[in-house]
């Protein structure tokens, strides 16, 4: 990556040809039919039982529901329907970490072993908290299947050695964000699930977002379906709460994205915590790696989004460059995050300058390109 590419990102301009001309938004102008024309063919093609799409433009929300929560019960999808949001959960974990930072309890430049003495003398003497928050620790994607307890997990971390120099490669990692959650919870002096469910989520006004779905809400928890159309549900294993464990509905998630765009104001500390997750720390070949969010200069083409969300980005280490100094949160940017579990698919985007946010939720796993393409088609219709 050369300096010219970095400059292009800094100036917020496109570095590849733009596939369409974007115009400013005058009003919320999507009809039900326009959304149907994009979502219904996708559902048919991918055999999706149920979907929700929430859109916010200039502070005005519209939520569209399709199909059923479960093929067995045939209960229609509604505002209350809960979906597994997979790795979109990682942005919540990053926000909890930046909250701890604002409280003076966490320093992102410190080594991980500074906060976890049991890891002193390990590779984590040279891994910073920021490395965990930006997928640049070198830790692998999945927790090894034989690790079932915290003691086993810590033993794994103690022995772990990176394959590449820390901070030189982006390796998308549940083990990394999981460890970020462990460090954050320790510094906040409460279990991670408690910090998320009792401290952060209520502070953001997210009343139907959970790690553990309460009994009273179980009837709204959609049944997920895998690639083979078999019913599946998330089994929360170790580091699940920190890395991919949240369930939420379209209404809560569009609120979360509106908070990210400052369309909705929350307490100053939490607004600052959310804003800090938009800091640009590393440059990949396609996007800026923020703290779990990924951002692109706006306007952005569909081809660039597909390139940045290609499978290799999650499955193989990618060379990155540290941005010095880190980029302040960019308003003229397209922020996105995918989320998946075996039976659910999520895609969330927001563009602060345009005050547009979209979240797409389905109770079947579908390929990422299909999610991005459908979302981009919605965006084109909003922006026409």
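Note that Cβ sites are derived from N, Cα and C of the backbone, with glycine treated the same way.
Marked as signal peptide by Swiss-Prot: 1-29.
Positions annotated as active site, acyl-ester intermediate by Swiss-Prot: 87. Packing around residue 87 (active site, acyl-ester intermediate) is summarised by its Cβ count: 21 other Cβ atoms lie within 10 angstroms of its Cβ, all protein chains included. For the recorded site, residue 87 (active site, acyl-ester intermediate), the DSSP three-state label reads helix.
The annotation active site, proton acceptor is assigned in Swiss-Prot to 172. Taking Cβ-Cβ distances under 8 Å and a sequence gap of 6 or more within the same chain, the neighbours of residue 172 (active site, proton acceptor) are 135, 141, 313, 314, 315.
Residues or ranges marked as substrate binding site in Swiss-Prot (evidence: similarity to another entry): 337, 338, 339. All protein chains included, residue 338 (substrate binding site) registers 20 other Cβ atoms within 10 Å of its own Cβ.
Counting in whole angstrom, residue 339 (substrate binding site) lies 4 from residue 87 (active site, acyl-ester intermediate) by their C-alpha atoms. Cβ proximity to the substrate site centre (mean Cβ of 337, 338, 339, cutoff 8 Å) flags the following additional same-chain residues: 85, 86, 87, 88, 90, 336, 340, 346, 347, 348. Most other Cβ atoms within 10 A: among the binding-site residues 337, 339, that distinction falls to 339. Cα of residue 338 (substrate binding site) to Cα of residue 87 (active site, acyl-ester intermediate): a distance of 6 Å.
Each residue contributes its Cα atom, and for residue 87 (active site, acyl-ester intermediate) and residue 337 (substrate binding site) those atoms are 8 Å apart.
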